[in-house]
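What Swiss-Prot lists as N-acetylalanine is ALA2, and the listing cites similarity to another entry. Look at Swiss-Prot and you will find ASP21, ASP23, ASP25, CYS27, GLU32 tagged as Ca(2+) 1 binding site. Annotation source Swiss-Prot lists domain 'EF-hand 2' at 44-79. Positions annotated as Ca(2+) 2 binding site by Swiss-Prot: ASP57, ASP59, ASN61, THR63, GLU68. The domain 'EF-hand 3' annotation in Swiss-Prot covers 81-116. What Swiss-Prot lists as Ca(2+) 3 binding site is ASP94, ASP96, ASN98, GLU105. The N6,N6,N6-trimethyllysine annotation in Swiss-Prot covers LYS116 and is backed by similarity to another entry.
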Amino acid sequence: MADQLTDEQIAEFKEAFSLFDKDGDGCITTKELGTVMRSLGQNPTEAELQDMINEVDADGNGTIDFPEFLNLMAKKMKDTDSEEELKEAFRVFDKDQNGFISAAELRHVMTNLGEKLTDEEVDEMIREADVDGDGQINYEEFVKVMMAK
């Protein structure tokens, strides 16, 4: 599960994890888990936290190490990709609402997100997602890419 995270996500999670690993022993207590997840934009309920902790804390010692934490976050992030959120995200990229994301639309959104990409990088992103080879991304291709991350 954690192998589907990007290096950037892993670095971000490591940073957050370290903030709460007060004594630097590589473990955080179950109490701290909620705080860590909230700092990363997740909003788990108490019941969800308890379930996650029970799932992850195999030996029941009340602490979670970094590999366990990564698996937890990867699972949590996958769960948040609901159909409705994917449709909304696709609409954001598909500026002219023609049902396709073009290289220009992709570049526009990425620039607005603060990502300065070269034409080559944008073309590469399109190529990776463009299953039918028409030079743009349709909704099915978009969903495939989003679910694979």
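One is the number of the first residue shown, and numbering goes on along the chain from there.
Cβ coordinates come from backbone N, Cα and C, glycine included.
It should be emphasised that the depicted structure is a prediction, and the values quoted were computed from it without experimental measurement.
A straight line from the CA of GLU68 (Ca(2+) 2 binding site) to the CA of ASN98 (Ca(2+) 3 binding site) spans 42 Å.
Note: the CA-CA distance between ASP21 (Ca(2+) 1 binding site) and THR63 (Ca(2+) 2 binding site) rounds to 10 Å. Proximity to ASN98 (Ca(2+) 3 binding site), defined by a C-alpha to C-alpha distance within 10 angstroms, is shown by none of the binding-site residues CYS27, GLU32, ASP59.
Around ASP96 (Ca(2+) 3 binding site), the C-beta neighbours below 8 angstroms that are at least 6 residues distant in the chain are GLU105. Note on the domain 'EF-hand 3' (81-116): its mean pLDDT in the predicted model is 84. Each residue contributes its Cα atom, and for ASP23 (Ca(2+) 1 binding site) and THR63 (Ca(2+) 2 binding site) those atoms are 12 Å apart.
DSSP classifies GLU32 (Ca(2+) 1 binding site) as helix under the three-state reduction. The 10 Å shell around the Cβ of LYS116 (N6,N6,N6-trimethyllysine) contains 9 further Cβ atoms across the protein chains shown.
All protein chains included, GLU68 (Ca(2+) 2 binding site) registers 19 other Cβ atoms within 10 Å of its own Cβ. Same-chain residues that are not part of ASP94, ASP96, ASN98, GLU105 yet have a Cβ within 8 Å of the Cβ center of the Ca(2+) 3 site turn out to be PHE93, LYS95, GLN97, GLY99, PHE100, ILE101, SER102. Take the Cα of ASN61 (Ca(2+) 2 binding site) and measure to each of the recorded positions CYS27, GLU32, LYS116: the nearest one is CYS27.
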